[in-house]
Amino acid sequence: MATLGVNIDHIANVRQARKTVEPDPVQFAFLAELGGADSITVHLREDRRHIQDRDVFLLKETIKTKLNLEMAATKEMLEIAKKILPDYVTLVPEKREEVTTEGGLDLKSNVQYLKKAVGSLKDSNIEVSAFIDPLSEQINYSKEIGFDFIELHTGKYAELSGSNQHKELQRIIESTHIANDLGLVVNAGHGLNYNNVRKIASINNMNELNIGHSIVARALAIGLEKSVREMKSLITLN
């Protein structure tokens, strides 16, 4: 049964729109946990457009579940991660002009550098995940580089409909099986919402789904704790 990681970046987006102190994403992480979140995910971007260093340090000290730190594999971020010591790090691609992460890491072109980055994090007892597109080549490189987890990018699945969405779902299912056979733990995320999450959650051996925007959007209408509870019930429905 898949677990739920709640991404709270969008809470920080609202705060940073006014460069003020509220809403505090640390407080909302507490509410997400009350709603049943199994982990809290934040993306500390190089430009600090939403989550700030202070948020990540406080989350590490206060949350009761696990902390998943998304970040680019830069020297600065590696040093920060080794100070914070999150439960795990998810390495993601990052472009300054993008609104949100647009695709998975290209592992093939960065094998040697990523081996060093992953090794450095593991030396600090941090488990490491790669955010990748559901492609067998990327999965094989994930294993070669030494990642513990992969997070499959579900953005294309979320954008499609009908038979095209079904084809993408099959690709995600096949990718999950390939990764499991290699000993990799599989997470998934990006674009998942209350309408499309069930089929991803029901994939055999899917470990965790990381979801943010749709939960926060629904929370504006019904409150964060309740919106997390509703998403958790969809993921864990037998």
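Here the Cβ of each residue, glycine as well, is placed from N, Cα and C on the backbone.
Under the heading active site, proton acceptor, Swiss-Prot lists His43, Glu70, citing sequence analysis as support. The feature active site, proton donor is assigned by Swiss-Prot to His190, with sequence analysis given as support. The annotation 3-amino-2-oxopropyl phosphate binding site is assigned in Swiss-Prot to Asn7, Arg18, Gly191, Gly212, His213 on the grounds of sequence analysis. Summarising the annotation, Swiss-Prot assigns 1-deoxy-D-xylulose 5-phosphate binding site to Asp9, His10, Arg45, His50, Thr100 and lists sequence analysis as the type of evidence. Feature annotation from Swiss-Prot assigns site 'Transition state stabilizer' to Glu151; the stated evidence is sequence analysis.
All features noted in Swiss-Prot, drawn onto the structure.
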residue : record                                      : Cβ contacts under 8 Å, 6 or more apart
Asn7    : 3-amino-2-oxopropyl phosphate binding site  : Thr41, Val42, His43, Gly189, Asn210, Ile211, Gly212, His213, Ile215
Asp9    : 1-deoxy-D-xylulose 5-phosphate binding site : Pro25, Thr41, Val42, His43, His50, Ile51, Gly212
Arg45   : 1-deoxy-D-xylulose 5-phosphate binding site : Ile51, Met71, Ala72, Glu94
Glu151  : site 'Transition state stabilizer'          : Thr90, Ser129, Ala130, Phe131, Ile132, Val186, Asn187, Ala188, Gly189, Asn210
Gly191  : 3-amino-2-oxopropyl phosphate binding site  : Thr154, Gly155, Tyr157, Ala158, Glu159
From recorded positions His10, Glu70, His190, the one whose Cα lies nearest Arg18 (3-amino-2-oxopropyl phosphate binding site): His10
Integer Cα-Cα distance in angstrom, His10 (1-deoxy-D-xylulose 5-phosphate binding site) to His190 (active site, proton donor): 13
Recorded 3-amino-2-oxopropyl phosphate binding residues, Asn7, Arg18, Gly191, Gly212, His213 - maximal Cα separation rounded to whole Å: 26
Site of maximum Cβ density within 10 Å, from recorded positions His10, Arg18, His43, His50, His213: His43
Structural state of Arg45 (1-deoxy-D-xylulose 5-phosphate binding site), classified by DSSP into three states: coil
Recorded positions: Glu70, His190, Gly212 - member with fewest neighbouring CB atoms within 10 Å: Gly212
Secondary structure of Gly191 (3-amino-2-oxopropyl phosphate binding site) (DSSP, helix/strand/coil): coil
